[in-house]
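Worksheet: one structure, shown below.
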Amino acid sequence: MSVIDTNQIDLVAPRISEAGVADYIALLKPRVMSLVVFTALVGMLLAPGDFHPVLAITAMLCIAVGGGAAGALNMWYEDDIDGQMTRTANRPIPRGRVTRPEALTFGITLSFFSVMTLGILVNWVAGALLAFTIFFYVVIYTMWLKRSTAQNIVIGGAAGALPPVVAWAAVTGSLAVEPLLLFAIIFFWTPPHFWALALFRNDDYARAGVPMLPVVAGQDHTRLQILLYTIVLVAVAAAPWPLGYFSAIYGVASLALGGWMLVLALRVYRHRTGSAALRATRNLFKFSILYLFALFSILLLEVVAKAVWRLFA
């Protein structure tokens, strides 16, 4: 089966663009990019060895630009969906601020620039991983999985989990257990996060024809899956502590954060109708963002604290 939707090909004459700088910034999905940059930064700082500050900044910029490029290509391909959903109707392409050819050119240019710069100036292991991340998000997730299976964000979540792996490879030129643990945390965090969103945006996804789990399997089944994935997430996030990769401070914090996320997931499972159900899903969605940032912030603070201790010891 082809992953290319021929309906997405532009057959009309190009029109004059009204795009401004803000529109092109919006194409980069700044909120998503902030998560990409933050998790990548943690992966980079956890990596062993010395890394020149100029190369570190270069690598972070390339990862950020690569993530933004993937977002632009996602918007290029999904303009038909975005125009039908309340949450995305104000994006630059549905609003007519940016044309599809402009978004495509913008995304491809940034993708090429970020991958080549990272490969040439840093190393090609990181460059290849960044290229794979962009490819996976744009082709595997956006063009194929999102429109074809209710497991779209489960499999597609791998793309969002790769930035810390890319950043680790930028420092070391190789892979190790630690970045794969970070990958696993983000990977198992993705389903409960996005399914909570899908529960209170169910009508949006149904109207656009996107086979999100609540649309295909129903809300009750989705609530069960959220609970099951949250249980797995809590275990996976805590595992690096007893395995000796992360500290006891991280371990205790991960259990505390995970415990509260599990409580919120249980509320989503129990409250299935009315305002209580809506409030439960919104609370889980909001906390899931805080959960991931807090978990990675603890790792970041530990790295900084160790560096300061070595400096003054």
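Glycine is treated like the rest: Cβ placed from N, Cα and C.
Marked as transmembrane segment by Swiss-Prot on the basis of sequence analysis: 32-52, 53-73, 120-140, 153-173, 180-200, 226-246, 248-268, 284-304.
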* Counting only CB pairs under 8 A, let me know which of 120-140, 153-173, 180-200 has the most with the transmembrane segment (32-52). => 153-173
* Near the transmembrane segment (153-173), which same-chain residues lie under 8 Å Cβ to Cβ, leaving out any that are not at least 6 residues past its ends? -> 32, 35-37, 39-44, 46-49, 51, 55-56, 59-60, 63, 67, 70, 118, 122-123, 125-126, 129-130, 132-133, 136-137, 140-141, 145-146, 179-180, 182-187, 190-191, 194-195, 212
